[in-house]
Amino acid sequence: MKLIILDRDGVINQDRDDFVKSVDEWIPVEGSMDAVAFLTQAGYTVAVATNQSGIGRKYFTVQNLTEMHAKMHRLVRQAGGEINGIWFCPHTDADNCNCRKPKPGMIEDIIGRFNAQASETWLVGDSLRDLQAIDAVGGKPALVLTGKGKKTLSQHGHELPEHTQVFDTLLDFSQYIMQENAAPQAD
């Protein structure tokens, strides 16, 4: 099982300081729909793991979130891709749950659901907490510089998990993965 987990806000869609609260505010990052399509066509299972504390803070509802995800699914399919599952944590930090990144609960659940190997699983995110969550299970962290990525690199570059790879965008990450898949494997 080849699994790639994507954070949502700042990776797939544009992030907002005041939370993405509605389908109208959910705007894809340029190239992200094509990136998911490329990963799908390269044989990867693509899942989304997203902290959505705006639900816990009562900024938007699960229904609003469902509408945003329906739009994301539709646009990804139009590009020729597939998102195989979406996991979200509705809690705030104060709830001290195990599913909110950087804790690994959501990531462990996704890896278990798809019967994947953690050591072979990528997580692409724009925040330190995304990278810490995949690192906690022994996976492969990738930082994109969209969303909060540039700020993460400048403020937390020294804290990034070892072996974190940095890409400008999700599209750049997908092209890297496709090149890796095309490279001849050593015996």
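Each position is counted from 1, following the chain as shown.
Glycine residues also receive a Cβ, built from the backbone N, Cα and C atoms like all the rest.
Predicted, not measured: the structure shown is a model, and the values here were computed from it.
Some features that Swiss-Prot has for this protein:
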ACT_SITE  D7  active site, nucleophile
ACT_SITE  D9  active site, proton donor
BINDING   D7, R8, D9, D15, R16, D17, D18, F19, T50, N51, Q52, S53, R100, K101  substrate binding site
BINDING   D7, D9, D126  Mg(2+) binding site
BINDING   C89, H91, C97, C99  Zn(2+) binding site
SITE      T50  site 'Stabilizes the phosphoryl group'
SITE      R100  site 'Contributes to substrate recognition'
SITE      K101  site 'Stabilizes the phosphoryl group'
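Annotation note: C97 (Zn(2+) binding site) sits in a coil segment as assigned by DSSP. According to DSSP, R16 (substrate binding site) sits in a coil region rather than a helix or strand. Considering only the recorded positions D7, D9, D18, D126, the Cβ with the fewest other Cβ atoms within 10 Å is that of D18.
Put simply, T50 (substrate binding site) is 5 Å from the residue listed as 'active site, nucleophile' when counted between their Cα atoms. The Zn(2+) site is set by C89, H91, C97, C99; from the centre of their CB atoms, other residues of the chain with a CB within 8 Å are N51, P90, D95, N98, R100, K103, G105, M106. For Q52 (substrate binding site), the same-chain residues lying six or more positions away in sequence with a CB closer than 8 A to its CB are L65, F88, C89, P90. Summary of the Mg(2+) site environment: with the site residues D7, D9, D126 set aside, the chain residues having Cβ atoms within 8 Å of the Cβ mean position are R8, G10, V11, I12, D15, T50, G125, S127, D130, G147, K148. Considering other CB atoms within 10 Å as the measure, the emptiest surroundings among the binding-site residues C89, C97 are those of C97.
Within the set of recorded positions (R16, R100, K101), the lowest number of other Cβ atoms found within 10 Å of a Cβ is recorded at R16. Closest by Cα distance to C99 (Zn(2+) binding site), from the binding-site residues R16, D18, T50, D126, is T50.
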